């Protein structure tokens, strides 16, 4: 192989290897769940579900640290949420990590009125009060 072919091959390998984004690290780190419970399907639960979806969809595109609130309708309490991703991961990996943490937050904390779950590359929190 000529020296120019070797150089071209090396450049292609570097571009391909450098361009391949590593998946988000979704290893469980910690969780904290409020002992007070809410009813699934209640107005607050629906606000909470909307807040979590908002966090999942938008955190990667709003500085990797995003807070939201979903105002209760008909007197239901407002749901407050926050999500954070490590700055070192891609936007798609941030969204993927938050999808993972959103599933886990329900699995770990069930119907808790407030919860926090930390994975290696992302974090999510929700409460019935502002923070």
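Every residue gets a Cβ built from N, Cα and C, even glycine.
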Site co-member for alpha-D-mannopyranose according to Swiss-Prot, given 34, 127, out of 40, 116: 116
Candidate recorded positions 33, 34, 85, 109, 116, pick with smallest Cα gap to residue 122 (disulfide bond): 85
Residue 97 (disulfide bond) versus binding-site residues 34, 116, 127 - nearest by Cα: 116
Cβ neighbour count within 10 Å of residue 34 (alpha-D-mannopyranose binding site): 16
